[in-house]
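Presented below is the structure to which this report refers.
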Amino acid sequence: MNIPKILNNNLVLKRIFCRNYSVKVLGIETSCDDTAVAIVNEKREILSSERYTERAIQRQQGGINPSVCALQHRENLPRLIEKCLNDAGTSPKDLDAVAVTVTPGLVIALKEGISAAIGFAKKHRLPLIPVHHMRAHALSILLVDDSVRFPFSAVLLSGGHALISVAEDVEKFKLYGQSVSGSPGECIDKVARQLGDLGSEFDGIHVGAAVEILASRASADGHLRYPIFLPNVPKANMNFDQIKGSYLNLLERLRKNSETSIDIPDFCASLQNTVARHISSKLHIFFESLSEQEKLPKQLVIGGGVAANQYIFGAISKLSAAHNVTTIKVLLSLCTDNAEMIAYSGLLMLVNRSEAIWWRPNDIPDTIYAHARSDIGTDASSEIIDTPRRKLVTSTIHGTERIRFRNLDDFKKPKSPKTTE
């Protein structure tokens, strides 16, 4: 898409001749159950932010209902946009663009955000920026940490995704591994819900956070009490549906045995440890593969809702340190779905003059196709080796024990022939 010269020049002139001018972008996020709006500027300031989620209805319905989410977005977006503008002390004419999530996510939910963004951009004659939700998660670190430089590795873990990638630039990503089925957040959520009522202290708390709290109360070896086999998936890919299925089957067997009571904290600790070991084993393969090619970035950014889990983050950090990689976690407030990351990703695309932007209001279509699934970047899985030289001893990701590896070459050495005297 060609950038209209007059719009491009206006933005450049503002930044050159207005000493205190800072580009401002309104972001809209509706990929799932969070209705979110935010305004950020080029100085990396969050001028305003609003988020709304109907958790009570989700608890009543036992999870996320896409139609309910869409209705929530439609009813609340106008109010949240107006409040953001008021809180920021900004009028629409002071904005430089509108950014909106277009993929991936629940299509029916995405459409509501897209519709609101199109209407706002056309009404106020602003450029419209389509943003990739998962890229925004990775790029959100740039909003709060100026030490991060391209290229950096990005591990994104959420209720809908799990992927291992490298961010080479704002819109240039390489995908090295992803979940072939399920996600870590959904796995933990569904298994935990089958445990039943976790107690009144967890009312109003996301079930994933409840699992982490309960796991912290487990016995010393609680993380080993309910083990399952890790999924066998090629290269750096993952499978969380297999983990979910194994634990649901285990729960069913335990309940059929009337003599066995389930220790909830130990069960949560085992589930959490299994998810962490699976992620770590695949991240290790990624590290080994890129290290052999001498192109492993020295910074690793962890984002997405599951990154808020301190145990899983700790396991990844511990493994990364063993590979001489610095781990950086996105702020807790930016780990879950938010509009700040959408606005700032859009701002980066704007100042980099992205060809994906609809610069002229008259060129903005009446609708934009929403995609349920969309890879974060180009497929680079062919660069991942099938069998790394060293195998991670996954049990060592727990606690303070030093990370250990097994050199696979040792297993291939021929045994010395026995001698007889």
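Including glycine, each Cβ sits where the backbone N, Cα and C put it.
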With LEU156, LEU157, SER158, GLY159, GLY160, GLY208, GLU212, ALA308, ASN309, THR336 listed by Swiss-Prot as binding substrate, identify the candidate in ASP189, ASP241, ASP363 belonging to that site.
ASP189
Can you find which of ASP337, ASP366, ASP375, ASP379 Swiss-Prot lists as binding divalent metal cation at the same site as HIS133, HIS137?
ASP337
Round to a whole number and give the Cα-to-Cα distance in Å for the pair THR336 (substrate binding site) and HIS137 (divalent metal cation binding site).
9
Other CB atoms, at most 10 A from the CB of HIS137 (divalent metal cation binding site):
31
Which one, from the binding-site residues GLY160, GLY208, has the smallest tally of other C-beta atoms lying within 10 Å of its C-beta?
GLY208
Taking residues LEU156, LEU157, SER158, GLY159, GLY160, ASP189, GLY208, GLU212, ALA308, ASN309, THR336, which bind substrate in the record, the widest Cα spacing (Å, whole number):
19
